[in-house]
Amino acid sequence: MSRVSQARNLGKYFLLIDNMLVVLVFFVVFPLISIRFVDQMGWAAVMVGIALGLRQFIQQGLGIFGGAIADRFGAKPMIVTGMLMRAAGFATMGIAHEPWLLWFSCFLSGLGGTLFDPPRSALVVKLIRPEQRGRFFSLLMMQDSAGAVIGALLGSWLLQYDFRLVCATGAILFILCALFNAWLLPAWKLSTVRTPVREGMRRVMSDKRFVTYVLTLAGYYMLAVQVMLMLPIMVNDIAGSPAAVKWMYAIEACLSLTLLYPIARWSEKRFRLEHRLMAGLLVMSLSMIPIGMVGNLQQLFTLICAFYIGSVIAEPARETLSASLADARARGSYMGFSRLGLAIGGAIGYIGGGWLFDMGKALTQPELPWMMLGIIGFITFLALGWQFSHKRTPRRMLEPGA
C-alpha cells in the first residue's frame with residue numbers, strides 16, 4: 001500500500017472517531033436547551049429561539065472565514081482552538097439565568113464551531129476519493145444519529161440532577177476532544193495550494209452556481225433545525241415529560257442505522273443527486289404540515305418518522321453535491337461558505353419558529369408554525385427544481401454517482 005493510500009485510510013478512521021465524539025457531546029447539551037429554559041424556567045420560546053439561531057448563524061454564517069483561515073494555516077490549530085471555545089460556551093451556559101447570558105454562551109459555542117467545522121468538512125473532501133464520498137457521508141450521518149441518541153440519553157439522565165451538570169459534562173468532553181485532536185491529528189494542509197484568506201473567499205463568491213445552490217438550501221434548513229427546537233417542545237408537551245425526547249432521537253437513530261446506507265447505495269446508481277435531494281425535501285415538507293393537529297405521541301412519532309425518512313433520503317445527496325462543487329484550490333473556503341444556507345435558514349427557523357410557536361399558542365392555533373414550515377418547504381422544492389433544470393445546470397454535476 002502506498003504512503004498516500006495509507007494516509008487516506010488512517011485519515012478515514014480518524015474522521016469517523018472524531019465525528020462521533022463531536023456529535024455525541026453536542027447532543028448532550030443542545031437538545032435540552034429548549035426544555036430547560038422554556039418548560040422548566042418558563043421563558044418564551046422566542047427567547048430560546050434567538051439563542052439557538054444566534055449559535056447557528058455565527059457558526060455557519062462565519063464559516064467562510066473559518067474555512068479561509070484554515071486554507072492558509074491548516075486544519076489542526078483551527079480545530080483545537082474551536083473545540084476549546086465551545087467548551088467555554090457550554091460552561092457559561094450552565095450558569096445562564098438571564099437571556100443575555102444564554103445568548104452569550106451560544107455566541108461562544110457558535111464561534112467555536114465556525115473555527116472547527118469547516119476544516120473538518122474540508123478534510124473529508126481532501127481524504128475521501130470522489131467516488132467514495134456519498135457512502136462516506138452516509139456513514140458519518142449514521143454516526144450522527146447514533147451519537148445524537150447516546151448524547152441525548154446521557155443529557156436527559158444528567159438533567160434529572162442539574163442542568164449545570166449537563167453543561168459541565170459537555171464542556172469537559174469538548175476539552176477532551178480538543179486534546180484528542182491536538183495529540184493525533186496530523187498537520188494536514190486543506191488545499192492543493194496555500195491560498196491567501198482573501199483569495200479563497202474571492203473564488204467562492206465568484207462561483208455563482210455554488211452561491212445560488214447554497215442560498216437556496218436556506219429553506220431546507222428552516223425545516224431541518226426544528227429537531228432542536230419545536231419538535232422537542234412538542235414531544236414534551238404531549239408526553240408531559242422531558243424524558244420522552246430521547247425516544248425522538250432513538251427513532252432517528254433506528255431509521256438512520258437501518259436505512260441511510262442502503263438507500264444511499266441503492267439510489268446513487270439510479271437517481272441524480274438533485275432528484276434525491278428534492279424527494280427527501282418533499283417528504284419532510286409533507287410530514288411537517290399535520291404535526292400541529294396531532295393529539296397523542298403515536299401520531300406525533302409517526303410524523304417524526306416520516307420527517308426523518310425524508311432527511312435520510314436528502315442529506316447524503318446534499319453533502320455529496322456540496323463537496324462535488326468545491327474548488328480543490330480553496331476547499332476550506334468552499335466548505336465554510338456551504339454552511340451559509342444553514343446559517344440563514346437555521347437562524348430564521350429558530351427565531352421565526354419560536355415566534356410562530358408562541359403566536360400559535362396565543363391564538364389557540366397550534367398548527368400555525370407547522371403549516372408555515374410546510375409551505376416554506378414546498379417553495380424551496382420549487383426553487384431547487386428551477387435551479388437544477390438542465391438548461392441551467394451542467395449535466396456532469398447531476399449524474400448518478402457524480
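Cβ atoms are placed via backbone N, Cα and C, with glycine included.
As recorded in Swiss-Prot, the features of this protein are as follows:
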TOPO_DOM  1-12  topological domain 'Cytoplasmic'
TRANSMEM  13-33  transmembrane segment
TOPO_DOM  34-98  topological domain 'Periplasmic'
TRANSMEM  99-116  transmembrane segment
TOPO_DOM  117-138  topological domain 'Cytoplasmic'
TRANSMEM  139-159  transmembrane segment
TOPO_DOM  160-164  topological domain 'Periplasmic'
TRANSMEM  165-185  transmembrane segment
TOPO_DOM  186-213  topological domain 'Cytoplasmic'
TRANSMEM  214-234  transmembrane segment
TOPO_DOM  235-243  topological domain 'Periplasmic'
TRANSMEM  244-264  transmembrane segment
TOPO_DOM  265-276  topological domain 'Cytoplasmic'
TRANSMEM  277-297  transmembrane segment
TRANSMEM  300-320  transmembrane segment
TOPO_DOM  321-339  topological domain 'Cytoplasmic'
TRANSMEM  340-360  transmembrane segment
TOPO_DOM  361-367  topological domain 'Periplasmic'
TRANSMEM  368-388  transmembrane segment
TOPO_DOM  389-402  topological domain 'Cytoplasmic'
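Contact between the transmembrane segment (277-297) and the transmembrane segment (99-116) is not supported: fewer than 3 Cβ pairs lie under 8 Å, counting only residues 6 or more apart in sequence.
Comparing 13-33, 99-116, 300-320, 368-388 for CB pairs under 8 angstroms to the transmembrane segment (214-234), the maximum falls on 368-388. Between the transmembrane segment (244-264) and the stretches 13-33, 99-116, 340-360, 368-388, the greatest number of Cβ pairs separated by less than 8 Å involves 13-33.
When Cβ-Cβ distances below 8 Å are used as the criterion, the topological domain 'Cytoplasmic' (117-138) is approached by residues 7-8, 11-12, 15, 18-19, 22, 59-60, 63-64, 66-67, 70-71, 74-75, 78-79, 82, 188, 190-191, 260-261, 264-265, 268, 315-317, 319-320, 323-324, 326, 331-332, 334-336, 338-339, 401 of the same chain, each at least six residues removed from its ends. When Cβ distances are compared across the two stretches, the transmembrane segment (13-33) makes contact with the transmembrane segment (139-159), since 3 or more pairs at least 6 residues apart fall below 8 angstroms. Within the model, the topological domain 'Cytoplasmic' (389-402) shows a mean pLDDT value of 51, rounded to a whole number. Counting only same-chain residues 6+ beyond the ends of the transmembrane segment (300-320), those with a CB under 8 A from a CB of the stretch are 133-134, 137-138, 140-141, 217, 220, 223-224, 231, 234-235, 238, 247-248, 251-252, 255-256, 259-260, 263-264, 267, 273-274, 276-288, 290-291, 294. Proximity of distant same-chain residues to the topological domain 'Periplasmic' (235-243), defined by a Cβ-Cβ separation under 8 Å and at least 6 residues beyond the stretch ends, is recorded for 32, 35, 39, 156, 159, 294-297, 300.
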